[in-house]
Amino acid sequence: MTSTNPILSPAGGADAPSAGLRPSRRSSVRAAQTRRKWYEIVGLTLPAVIVYVMFVLVPMGFAVYYSLFRWRGIGPPTDYVGFDNYVLAFQDPIFLDALRNNAIIVVGSLVVQGPIALAVALLLNRRFRGRAVFRLIVFVPYVLAEVTAGIMWKLLLTDNGTVDALMRSLGLGSLVRAWLADLDIVIWTMLFVLTWKYVGFAIILLLAGLSNVPPELTEAAAIDGASWWQTQRHVMLPLLGPTIRIWMFLSMIGSLQAFEVIWVTSVPAVRSLGASATMATYMVDNGFFARLWGYGNAVAVILFVISFVAALLFQRFLLRRDIDGAVTGRVN
Amino acid sequence: MAMKHRAAAGLALFLTTALLVAGCNGGDSEAPAESELYKNPVTLTWWHNASQDGPLKTYWEKVAKDFNALHPTVTIQIESIETNQLQRTRLPAALLSNDPPDIFQAWGGGEMREQVEADYLKDITEQVKTEAADIGSVAEIWQVDGKQYGLPYRMGVEGVWYNKDMFAKAGIAAPPATFDELNDAVTKLKAINVIPIALGAGDKWPAAHWWYNFALRACSVDTLKKASTERVFDDPCFVKAGQDLQTFIATNPFQPNFIATPGQNDPTSANGLLANGKAAMELMGEWNRGTLDTVAEDREALGKFIGWFPVPAISGSAGDPKAALGGGDGFACAKNAPAECVEFLKYLVSPEVQTGYAETGTGLPARKAAGDTVKDPALKSVLDATSGASYVQLWLDTAFGSTVGTAMNNAVVAIFAGKGTPEQVVDAMKAAAKK
């Protein structure tokens, strides 16, 4: 890789003695450079690699191992059951509810947050007084801690709470529902809170993407007589493609692993009935609260595999042109 | 490439070895002989669940300091951890490792049985005979197969907390003694437009406790004891409990949308409904006196109207009408903890420390001698009921262990939500017992 000229690089390798003086010195310099380069790579990546191995790969290995046991966290795992825990999970109607809820959150987040974020980002990208303030306001929910936001919405959405009172005063009293108690509604309430919480993130990402669009392009479009709307549709939107796809990717992975907001906003009873459970809350409820450690690990592995496969498929089919050359083939 | 692999393998080996070595070095605390008590300096690690700033947390700090003043060789290192974290993650993980805390929170029942089976706990039967005898039959909750492994500092039975003013207004002469009278009271309370019974079903266990009480009334004491030790739930009384519960729910005694109402800790909880004069009754353990205070807008008014009566009896049922459900908090010592641990445990439940505990007002003391300090009239009636109970059945979810307990609570909640049957509760318990 490093010695490009075969004549200057003797067959015996860098350290082999050679007859010619000049070529030998050259090649040993190159060898030293190569070695230094490797020391640098190892030295600089080792801390990260150690942390990654210890806190990501090793626990993952353990999770797979423990998932094969009927184990309640008392004494070492000894009762090997093969894939029984996985079979049990897919036989539990509550886990299937959790899967369905995750699917609702994945699709719902994309379908609802995407258009809202795009519209708001395009608006906030125009110059007007107080733009910075609006940008800040839009971003506040995302900065708020999940638990804080969750408790806030739990109190607002409670029976005869602020939301109900507001709706009644607006003459929408007939639309008031038991937002957190109606088992058919609660998942949509969760989707609403999640949208409120994370749409700011999508907006900021899109704004960053918009600011990368060179002003020459919009100017050129304007000179060609394009309206503001036409500029957005035919210039901005296509150039936002990579940003939108990255946001979709992050949103999808986040939705699959949704936990904090739902854990806090939705009460344990409603979760245990499957109405608002996600794979992650199901894992904690069963792994820790029901003390089924082996089973909980199996659910963790299922969650990991689903996320991993989703990530791979997304990269393969949608992110391909954005990351061309990095993980896929070289661009020609 | 080969070098890279070797480096990775070497790294993995190094890390594994490091982990193993770290794991093995943790547990070399050999217990000294009795005669060596207080001779060598020891540090006891103490994990308790009074994690929120408040009277109990402060009191435990004082107790640790006092013990250190009495026995200067013993230093006590406190870690206070929120109950769920302590019980569900920290403690199980610490007990699995070779370095558990020396003395820690223990709730007795099924969990303690499993801890004993895994050889985690110190048998203290001989050392605490006097204390266990004075605490009485409830100390059995911290026993496994006749051997004592822990002692309670807090103990109380469950009953119905009620608003005396509302009862008077509705024309209910005396607290209901039977379920027929309770149903009658519910009708009268509806007539004055208050919520008859507040229910925090959102947290699952407050709803499940209704089922436990129906089971306590439907099942004989022997059946319950057998269920706790052998996890056998074949007796038809467990199905009967669910049927009685369904009948009771059908009378609509609870607030609407109770399935999402939290149990305690915030104004929208069932606690808040009772404490702030919106509901007339709530089924809850003895700690409720303190938690009602934390959500009350007017504590003085609460102190005046709050009363307590035992769970009503069901006429003609197999259960002992004088039996009550209850539970408490205790401590246990780890298997390899130094002998001083047991001495500290004994100190924690000594009449003197118990009296101080009663004064914190956070719960009822387990030692009878300390009971005299209890002044609140409602708490006083809980205390009388606790000592007067013919049999105290530990909360069923604690008694059966977390796995059966969680499955049972979930299935009971399904009945409350109109999505489950009495038979499904028993099926879920049986299935969980095999997990």
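Backbone N, Cα and C atoms are what each Cβ position is placed from, and that goes for glycine too.
Here TrEMBL flags A:1-28 as region 'Disordered'.
Positions annotated as compositional bias 'Low complexity' by TrEMBL: A:9-20.
Per TrEMBL, transmembrane segment is recorded for A:41-68 (among others).
Sequence annotations record features per position, and here TrEMBL assigns domain 'ABC transmembrane type-1' to A:99-314.
Annotation comment: TrEMBL describes A:103-124 (among others) as transmembrane segment.
Positions annotated as transmembrane segment by TrEMBL: A:136-156 (among others).
Residues or ranges marked as transmembrane segment in TrEMBL: A:185-208 (among others). Distant neighbours of the transmembrane segment (A:185-208): 101, 104-105, 108-109, 112-114, 116-118, 120-121, 124-125, 135, 138-144, 146, 149-150, 153, 157, 177-179, 240, 243-244, 246-247, 250-251, 254-255, 258, 261-262, 265-266, 270, 275-276; these residues of the same chain sit at least 6 beyond its ends, with a Cβ under 8 Å from one of its Cβ atoms.
For the transmembrane segment (A:246-264), the residues of the chain that approach it from at least six positions outside its boundaries are 102, 105-106, 109-110, 113-114, 117, 146-147, 149-151, 153-154, 190, 193-194, 197-198, 201-202, 205-206, 271, 276, 278-281, 284, 303, 306-307, 310-311, 314-315, 318-319, 322, judged by C-beta separation under 8 angstroms. Annotation comment: TrEMBL describes A:246-264 (among others) as transmembrane segment.
Under the heading transmembrane segment, TrEMBL lists A:292-314 (among others).
Beyond the transmembrane segment (A:103-124), the same-chain residues lying 6 or more positions past its ends with a Cβ under 8 Å from any Cβ of the stretch are 131, 134-135, 138, 187, 190-191, 194-195, 198-199, 202-203, 205-207, 209-210, 232, 236-237, 240, 244, 247-248, 251-252, 254-256, 258, 278.
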